[in-house]
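K.L.:
The transmembrane segment feature in TrEMBL is assigned to 25-47, 53-73, 145-165, 199-223. According to TrEMBL, the domain 'Palmitoyltransferase DHHC' annotation covers 94-239. What TrEMBL lists as domain 'SH3' is 315-393.
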Amino acid sequence: MWSYLSLVTFENLHEVRRLCHWGPVIALTVIAVCSSMAILDSIIWYWPLDTTGGSFNFIMLINWSVLILYNYFNAMFVGPGYIPLGWKPEEDTKYLQFCRMCQGYKAPRSHHCRKCNRCVMKMDHHCPWINNCCGHQNHAYFTSFLLLAPLGCSHAAFIFIMTMYTQLYERISFGWSTVKIDMSAVRRFQPIMPFSVPAFAATLFALGLALGTTIAVGMLFFIQMKVILRNKTSVEAWIEEKAKDRIQYYQTGEEFIFPYDLGRRWENFKQVFTWSGSPEGDGIQWPIHAKCHQHTLTIEQLKQKADKRVRSIQYRVVEDYNGACCPLSKGLNTFFRTPCTEEPRIGLHKGETILATRGTKWWMYGDKVLDDEQTKAGARLRGWFPRRCVEKCHYDTAVTSAMTSETSSEEKKVK
């Protein structure tokens with residue numbers, strides 16, 4: 001017993017705690033409800049195990065459940081792969097962004113995740129349903145889960161529909177004069193227990209979950225495959241779009257070529273899905289387009305970062321805000337139109353300065369201007385806040401000079 005407990009390290013327990021989050025709780029509940037109800041409906045009321053078809057159907061239901069859970073837990077616990085803390089390449093650091101939180105450089109295609117508090121290899125997004133990032137090492141598991149979940153739920157939905165139809169066939173007149181279904185096999189089969197009202201309600205509820213999951217997760221699967229076949233991530237697709245907007249806005253005449261698209265969809269597909277289960281590459285160096293080099297995308301990111309500073313607008317805080325997600329005290333429109341995102345809210349105090357980069361009619365997103373000590377310590381406060389709490393102001397000289405020096409340093413790096 002003690003030898004077994006000695007294998008449970010703190011790191012293992014930290015990974016297990018990923019389950020204690022609303023995303024995995026809801027996802028596993030949906031999987032459990034749909035799979036268990038499909039098996040019960042099939043065995044008890046629709047397709048008994050003493051028939052060849054019933055046995056095959058039962059095996060398929062178990063198969064879906066095992067495959068879905070296998071890929072789900074691998075996506076959660078294998079993780080995306082992280083850049084080592086304090087990582088620094090031997091050369092070309094001027095083309096890379098420095099992460100103040102990890103105290104190291106960001107490798108090409110890596111991004112810092114505020115939820116995981118680490119720089120993630122080939123980060124696609126942070127998924128609340130697995131309470132982890134989707135990235136280099138678990139991208140194939142995550143996408144396989146997105147494929148298998150709709151397939152398994154479609155099978156379960158078919159079982160639910162046929163169970164309700166066969167059990168209610170002689171109790172309710174459906175009025176389907178043109179629909180002819182042979183019910184002789186159903187009449188010969190005597191169910192273990194009667195199809196009661198609670199059983200009908202549970203089956204109907206499970207049918208709603210199965211159909212909703214099939215539609216929602218199926219759409220996510222097609223979105224993922226769209227970027228995978230171009231060897232991109234969701235973050236990189238957004239970077240490419242901003243690159244085109246930047247070139248068009250400044251009329252620079254540049255031609256931006258996405259460096260990781262290998263030209264053929266099959267080659268791009270193999271960068272994520274392999275027979276061994278492990279993705280291609282080490283998460284640092286990547287195969288690239290013939291007209292590009294390893295730092296083509298990181299240079300573009302530095303240009304966009306410098307451009308973002310230039311375009312940011314300075315606001316002064318005129319009303320305190322405690323950082324609540326839906327602050328009723330800030331008005332009904334602010335309360336009901338809060339951004340539907342897991343990005344943080346930041347508390348505000350009257351007199352503080354904010355550099356806003358984007359926003360909606362009722363909310364804004366930006367960085368709080370910190371003092372020198374906080375900046376040197378690597379602190380950074382950014383997030384959403386109500387628009388009514390701030391007012392636009394003229395640039396302060398000190399802030400403007402700081403922004404100018406940072407922008408010029410970034411431009412020197414790019415050059």
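Glycine residues also receive a Cβ, built from the backbone N, Cα and C atoms like all the rest.
What's the neighbourhood like for each of these?
P.N.:
For the domain 'Palmitoyltransferase DHHC' (94-239), DSSP puts the residue distribution at 75 helix, 16 strand, 55 coil.
Remote same-chain partners of the transmembrane segment (145-165), defined as residues 6 or more beyond its termini with a Cβ less than 8 Å from a stretch Cβ, comprise 31, 34-35, 37-38, 41-42, 45-47, 57, 60-61, 64-65, 67-68, 71-72, 75, 181, 195, 200, 203-204, 206-207, 209-211, 213-215, 217-218, 220-221, 224.
Remote same-chain residues near the transmembrane segment (199-223) are listed as 30, 33-34, 37-38, 41, 45, 143, 146-147, 149-150, 153-154, 156-157, 160-161, 163-164, 167-168, 234 (criterion: CB distance under 8 Å, separation of at least six residues from the stretch ends).
Summarising model confidence by region, the domain 'SH3' (315-393) averages a pLDDT of 89.
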K.L.:
Give residue numbers and ranges for long-range contacts of the transmembrane segment (25-47): same chain, 6 or more residues beyond its ends, CB-CB under 8 A.
P.N.:
19, 53-54, 57-58, 61-62, 64-65, 68-69, 72, 129-130, 149, 152-153, 155-156, 159-160, 162-163, 166-167, 191-193, 195, 199, 202-203, 205-206, 209-210, 213
K.L.:
Per DSSP, what is the helix/strand/coil residue tally across the domain 'SH3' (315-393)?
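P.N.:
When I sort the residues of the domain 'SH3' (315-393) into the three classes, I find 16 helix, 27 strand, 36 coil.
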